[in-house]
Amino acid sequence: MADFHEFYPLRRHNTFGFDVRARYASHIRSEADLLAALNDPRAVGLPLVVLGGGSNVVLTGDLDALVLLMEIPGFRVGTAPDAWLVTAGAGENWHGLVCRTIAEGLPGLENLALIPGTVGAAPIQNIGAYGVELRERFASVRALDRQTMRFVDLDLEQCAFSYRDSLFKQAGRDRYIITAVTLRLSRDWQPVLAYGELAREVEGNAAPDAAAIRDAVIAIRSRKLPDPAQIGNAGSFFKNPLVSAEQRDVLLASHPDLVSYAQPDGSFKLAAGWLIDRCGFKGLNDGPVGVYGKQALVLVHHGGGTGAALLALAGRIADTVQARFGVRIEPEPVVL
């Protein structure tokens, strides 16, 4: 029999700190644990929810489900002619992995430092920050295919990554459970400093190494984002919307200080934080939930609130942005 806990509290398993419970929860520390949990008779007929760090989820109420608490460890380094292949268990802490690879002389993940959550969640969201996305460092994932109950390896193309999206949020959402991730870190490392704020942070360092860039990213994120241990949050709550060059030019004509970033395909990514700030939401408190005073992209939970209240605020923000700018901003977290 698997290790099941009934009516298990999830407040410490979601970074918003919403006080909800799971019908059953099971700690998954190996692939054998995963198979045992899925084959347990108590799991029959129950929906399945996989939680890592709970840093990209909004829990709106108690879950009448089996919650798998992903805690599979592991770290190993392989080689390819032009790269190191780093494989980590899905339960490893993401920032811990970034720091470990740098400490072992394997640069490439430094721009993704201090992103909360676990390794297994990183491909689901195609995490990204300061000019780097996970897909640019990705080799493969190992996952359980629930249709066949066999473990499979999925490569870059199969994972269908796009901006904050992947196979695992679309057609494969209920099919695959990630147990390990393999990253490809080039031996020909070059710093990525195209993001203006990061470049300014390392000014004065003529040749910043990966550790210096990681430290700069940590400094920037620490200034802008609240610590979930102090204030409940999931980091950036909204995606930066993509618009055509024509739509961006129309907006720029009436808003000369609009913040936007050109994309390789000719479209533009608008800074959602700027849009929200211009609508007057930055620093707003709406009872136990609100908008962080230092970064309008971040929604916060001060305690005693609900996921439903947070989503109501998010909807209000999105509606206001659309009414003013004609652009719809979408949430990043998964809603359960």
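If you go along the chain as it appears here, the first residue is 1 and each next one adds 1.
Heads up, the Cβ atoms here are built off N, Cα and C, so glycines get one too.
As given in Swiss-Prot:
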| type | residues | note |
| --- | --- | --- |
| DOMAIN | 17-188 | domain 'FAD-binding PCMH-type' |
| ACT_SITE | R164 | active site |
| ACT_SITE | S236 | active site, proton donor |
| ACT_SITE | E332 | active site |
Note: in the chain of S236 (active site, proton donor), residues six or more apart in sequence with C-beta under 8 angstroms of its C-beta are A272, G273, Q295, L297, V298, E332
When the pLDDT values for the domain 'FAD-binding PCMH-type' (17-188) are averaged, what is the result?
96
My understanding is the cutoff is Cβ-Cβ under 8 Å with a sequence separation of 6 or more in the same chain; which residues meet that for R164 (active site)?
Q125, N126, I127, G128, K239, E332
E332 (active site) - helix vs strand vs coil (DSSP)
coil
With every protein chain in view, what's the tally of Cβ atoms within 10 Å of the Cβ of E332 (active site), excluding that atom itself?
20
